[in-house]
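Colleague: Below are the features I grabbed from TrEMBL:
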type	residues	note
TRANSMEM	B:32-49	transmembrane segment
TRANSMEM	B:77-107	transmembrane segment
DOMAIN	B:84-272	domain 'ABC transmembrane type-1'
TRANSMEM	B:119-140	transmembrane segment
TRANSMEM	B:146-170	transmembrane segment
TRANSMEM	B:216-239	transmembrane segment
TRANSMEM	B:251-276	transmembrane segment
Amino acid sequence: MPSEPARQAAPAPSGAAAARPPLLRMQGVDKVFNGDVVALKGMSLDVREGDFISLLGPSGCGKSTALRLLAGLSHPSRGRIAWDGGQEEGDLGVVFQEPTLMPWATVAQNIWLPLRLRGKSYAAVKDEVLEALRLVGLEKFQTAYPRELSGGMKMRVSIARALVTRPRLVLMDEPFAALDEITRFRLNDDLLALRDKIGCTVVFVTHSVFESVFLSDRIVVMAARPGRVIRELAVDAPYPRTDAFRTSAEYAAYCRDASDALHAAMGDAA
Amino acid sequence: MTLAERDESAASPPTIDADERARRRARRLERVGKWVLPVLVMALALLAWDRIVVWNDIPHYTLPGPGLVFRTLIEDWAILFDALLVTLQITLLALLVAVLGGVGLAVLFTQSRWMEMSFYPYAVILQVTPVVAIAPLIFIYVDSRIAGLLICAWLVAFFPVLSNTTLGLNSADHNLRDLFRIYGATRWQRLRFLQLPSALPYFLGGLRIAGGLSLIGAVVAEYVAGTGGIGSGLAFRILEAGYRLNIPRMFAALILIAATGVLIFAALSLLSHLMLRKWHESAMTRER
């Protein structure tokens, strides 16, 4: 197993990424549970407008904890997390590992939820709901109930719900981990196409090297016990990325880099 | 079954092999048997009852035959039907109050941990104390007979509604809870759009139990209340008929009570099915 120094300096992000305006900044964040379980230690992360960042690491490395902190669902024990210019209503969309749909509501009603919680009637936001459905290719299923949909379709509904407020930042917590590989590839392609269309920033948690390389322009590799960032990799391949990228030598090289970093992370923890 | 699969199966012609034929036959038998068998058992039991009474010359003040019971049911219909209406009225009112009280308390409990910690133990105590033991006290302090009966029936019926609804309100999907937090849902929105729908299947389960219990509560309370005259229910008619050794009428009233219980259960099951059939697993018919 190749062992790299644990705290190797992150390579400088590519010029294009560095020039983007900042969106959200995590500085020296620790998260401690029960007084002594250190889930996250000294994590700093600059999320810039338009980034697609993957948090890649073995289980227990704190990547989901980091995501919950970014979502505001829990608060740092030390350090700070701040939105540049403040967070406004609807700036944030979240997709969980499960589709997390309300089984008693139709597809359209599920997507309406974020707007409904802001007091918007369905009539007032119908166009936005239908547009979100069109984005994920499910416009025919607006009156279906979640139980009538396949796993991949449910996940699309979940993504449409996250996008309906036109968020600046979308957080995704291993959204495709429970799907079969064929469906996962389709959804990876569709996710990139979607982002191309609406231009949101994404922070994506995954434990798949291939997924992280295909999707992101920055990969943050994390290690466990205590959860921390050990490397940041830039993936400079241009978007849009298609199947051709998936079979290119460039892709393979990036995968090897990310895989080495991940091995180092796991070796480090053991 | 997903929509995509459904399209597919509609397009291809049906292939029916031996397995499928056997499955279909089994299904058909089950559909018919579900209704025919209980009716058959009932008919046999009635026949046996009748024969036992006739062959052994059992006098009707000991055990009336089914024919006599049926005749009594028709002859005494005016008295029995009035009594049935009274019992039914108490039962349904008690069920209504049990639903309002049970759901109301459950909502209060989930909104405030303090409330739950303070009062839940007393709800349990009320539930485990037999209603026959409390009823005499209630009739001492409550002047109105109807109100007394109602309180007794409510005491028996409200707990399943309370405990099931509380469980349901607390079992909303935790990721959905997080989602509601992220979108800044108010307490009321969370209750209205997340917790109440999550609790619906649990509530309906509790309601079916409470329907039967409120009938039991009403009947038991009537036994304790005891005073007769106008406005007395089926339980009192049974007591009264017993004093007069009018056994056929006792049986007739008993049949009415049982039928009422079955009817309430069936009605609540239907309600439950109608409310859940679109989305809940319990109301789905399995395809294979």
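Backbone N, Cα and C define each Cβ position, glycine as well.
Any idea what these are sitting next to in the structure?
Modeller: For the transmembrane segment (B:32-49), same-chain residues at least 6 beyond its ends with a Cβ under 8 Å from one of its own Cβ atoms are 65-66.
A Cβ distance under 8 Å defines the sequence-distant neighbours of the transmembrane segment (B:77-107), meaning residues of its chain 6+ beyond its ends; these are 119, 123, 146, 149-150, 153-154, 156-162, 165-166, 168-169, 191, 199, 203, 206-207, 210-211, 214-215, 217-219, 221-222, 231-237, 249, 252-253, 256-257, 260, 264.
Beyond the transmembrane segment (B:119-140), the same-chain residues lying 6 or more positions past its ends with a Cβ under 8 Å from any Cβ of the stretch are 105, 109, 148, 151-152, 155-156, 159, 162-163, 217, 220-221, 223-225.
Listed by sequence, the residues of this chain that lie at least six past the ends of the transmembrane segment (B:251-276) yet keep a Cβ under 8 A from its Cβ atoms are 64, 69-70, 72-73, 76, 80, 83-84, 87-88, 91, 95, 200-201, 204-205, 207-208, 211-212, 215, 219, 234-235, 237-238, 241, 282-283.
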Colleague: Which residues of the same chain, at least 6 past either end of the transmembrane segment (B:146-170), have a Cβ under 8 Å from a Cβ in it?
Modeller: 90-91, 93-95, 97-99, 101-103, 105-107, 109-110, 116, 123-124, 126-127, 131, 134-135, 138-139, 191, 195-196, 198-203, 205-207, 209-211, 213-214, 216-218, 220-222, 224-225, 231, 233
